[in-house]
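Look at TrEMBL and you will find 12, 16, 265, 308, 409, 413 tagged as ADP binding site. Annotation comment: TrEMBL describes 12, 82, 83, 134, 243 as sn-glycerol 3-phosphate binding site. What TrEMBL records for 12, 13, 14, 265, 308, 409 is ATP binding site. Annotation comment: TrEMBL describes 82, 83, 134, 243, 244 as glycerol binding site. The domain 'Carbohydrate kinase FGGY N-terminal' annotation in TrEMBL covers 4-250. Here TrEMBL flags 260-448 as domain 'Carbohydrate kinase FGGY C-terminal'.
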Ligand SMILES: Nc1ncnc2c1ncn2[C@@H]1O[C@H](COP(=O)(O)OP(=O)(O)O)[C@@H](O)[C@H]1O
Ligand SMILES: O=P(O)(O)OC[C@H](O)CO
C-alpha cells in the first residue's frame, strides 16, 4: 500500500500543511497566514495559541483535501520558524505572554550587556552563534525579567520554555512531551554545539533556570504520537527540524560543500560542513544541521533578516504593490534601479554585519525615481545580501560555489533569480519542488517510518526546473556590488542603543 507523510511547516508569516506521496509529490496543501503583532518599533510578537490554532486547522484541511484514509498517513514531520520564543504554564498549557519572534529587536540591550561584559567570544565558542537579539536566550531572559511573578514561577518549575517545534510537539502530543531537536536547540544560544548539551555556564551567566528547558530528541525517529483527538488516530511524529535545516535536507544537501538559499521572510544560506563544528572566521554562524542515530552534522549559515519581508513592506507599508507577486511586474517595468539602493535593515542587519542598530535606508533617490525603481532596488537588495553571505561562506569553507540551489516563497519570481545570478556571477538553480522546507520535514519523518529507505532514495526525487545564468559582465557586477557596500555603510549604526 502507498504511504504518505504529513509535513507541518510553521513559518513566520504562515502555517502550511502538506501531504507528500512516496515520490515526494504534493498530494494536498493547506496554508493560512499568521498574524504579526508590532507593539513598538523594532518589536515583533505573535500569539502562540494562534500559531497552534492555525497549524491545527491547516493540518485538518490538508488531510480532508487529500481524501486519504488516516491509516495511510505513515508519519508527521514538523518544521518551524526558529528562535521564536514561547513560555507556557506546564499545568494549564497556556502561554505566558506573547511569543517573541526571531526578528524582534526588543532584547538588543541585553545582548549589548553580553558584549560589555566581554563574554561575546565565549558565547560564540560554545554555541557557534554571534550574540544577537535574534536568538532565544535573551528573549527568555526578557520574559523572566519583565515580571517577578514569571521569574518566581519559572524558578519553581511551573513554566516550560520552547521554540515553535517544542510548542507544536507539546500541543500535538496533548501535553505529553517537552522536547526539542538538535537543529532548533542550536539556535537558542544556550546549547553547547561541541558537547551536545545545554550549557550550564551560559545558563548561569544569564540566570536562566535549567529546568524550563526541553529535553533533546533526534531529528529523525519516533518522537511522540499525535493525540488521537487531533486527527482521529495516533499518528507518529517522526521528524522535526528548524525550517532552514529542513530545507537543506529537502534540497538533499547531504554532503559537505553542498549549499542552498531559502527566500522567505528573510533568507538563509546554509552549507553542509559535515561532522566537525568548524567555527566561522567571517561572521557566519556554525549551527547543527541535524542529528540522526547519534551522528550529528553541522552547517555554516548566513542569516539575512529581511528579504521577502522587504517586498511585504512595499505592499503593506508603502502600498506600491497590492500583492507580493506584483513586485516582479513593477520591477520589470524599468531596466535598472536608476541608481537607487535599498538596504532593508528593517530589524537591524544579520550576517555578516551583525548590527542590531542598523535601520532601513533608501539612497540615491533623484527627481526621476519612481516606485518601479524602488521595487527593483528591493529585489537587488535581496541579491546583494545573498552575495554578502555567499562571499563569507566561500572565504570560510575554501569551497568555490559553482551554482546556488534556491527555494522558498519568493523563488517563483524569475526576475529576482535572474538578478541573483547576475549579482553572484554563478548560475542559480530552481528545483521543480519549491516547498523544500516541508519536504525536508517529510523526509526526516519518512526515513524513520520506512516510507523511504535512505538518503540515496531521496536524492532521486530532486529535479531541476530552471537554471538562471549570469547575464552581466564582471565590471558591471563589481561596480554595483561596491555601491551596495557604500549604501550598507550608511545604514549601519543608525538607531541609538537604549541603556
Ligand atoms: N513573487 C514574489 N516576489 C518576491 N517576494 C515574494 C514573492 N512571493 C512571496 N514573496 C515574499 O516571500 C515571503 C513568503 O515566503 P514564505 O517562504 O512563505 O515565508 P515564511 O516561511 O518566512 O513565512 C513573504 O515575505 C513575501 O513578501
Ligand atoms: O519562517 P521563515 O521561513 O521566515 O524562517 C525563519 C527562520 O527560521 C528564522 O531563523
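Cβ coordinates are placed from backbone N, Cα and C, and glycine is handled just like the others.
In TrEMBL, annotation is done automatically, which means it is predicted and not curated.
What TrEMBL annotates, mapped onto the structure for a quick look.
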{"residue": "12", "record": "ADP binding site", "Cβ within 10 Å": "22"}
{"residue": "13", "record": "ATP binding site", "Cβ within 10 Å": "17"}
{"residue": "14", "record": "ATP binding site", "Cβ within 10 Å": "17"}
{"residue": "83", "record": "sn-glycerol 3-phosphate binding site", "Cβ within 10 Å": "26"}
{"residue": "134", "record": "sn-glycerol 3-phosphate binding site", "Cβ within 10 Å": "30"}
{"residue": "243", "record": "sn-glycerol 3-phosphate binding site", "Cβ within 10 Å": "30"}
{"residue": "244", "record": "glycerol binding site", "Cβ within 10 Å": "30"}
{"residue": "265", "record": "ADP binding site", "Cβ within 10 Å": "27"}
{"residue": "409", "record": "ADP binding site", "Cβ within 10 Å": "20"}
{"residue": "413", "record": "ADP binding site", "Cβ within 10 Å": "21"}
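DSSP classifies residue 409 (ADP binding site) as helix under the three-state reduction. Checked against ligand 2, the binding-site residues 12, 13, 83, 409 give 12, 83 in sequence order as having a Cβ less than 6 Å away from one of its atoms. Each of the binding-site residues 16, 82 was scored by the other Cβ atoms within 10 Å of its Cβ; the lowest score goes to 16. Under 8 Å, Cβ to Cβ, and six or more positions away along its own chain, residue 308 (ADP binding site) finds 263, 264, 265, 266, 267, 324, 382, 408, 409, 410. Compute the center of the Cβ atoms of 12, 82, 83, 134, 243, which mark the site for sn-glycerol 3-phosphate; besides them, the chain residues with Cβ within 8 Å of that center are 80, 81, 84, 101, 102, 187, 242, 244, 266. Residues 82, 83, 134, 243, 244, recorded as contacting glycerol, have a largest CA-CA distance of 15 Å. Only 12, 413 of the binding-site residues listed as 12, 82, 244, 413 bring a Cβ under 6 Å of any atom of ligand 1; the order follows the sequence. Across the domain 'Carbohydrate kinase FGGY N-terminal' (4-250), the model assigns an average pLDDT of 96. Candidate binding-site residues: 13, 16, 244, 413. Nearest to residue 83 (sn-glycerol 3-phosphate binding site) by Cα distance: 244. Among the residues 12, 16, 265, 308, 409, 413 said to bind ADP, no two Cα atoms are farther apart than 20 Å.
Looking only at the binding-site residues 134, 243, 244, the one with its C-alpha closest to residue 16 (ADP binding site) is 243.
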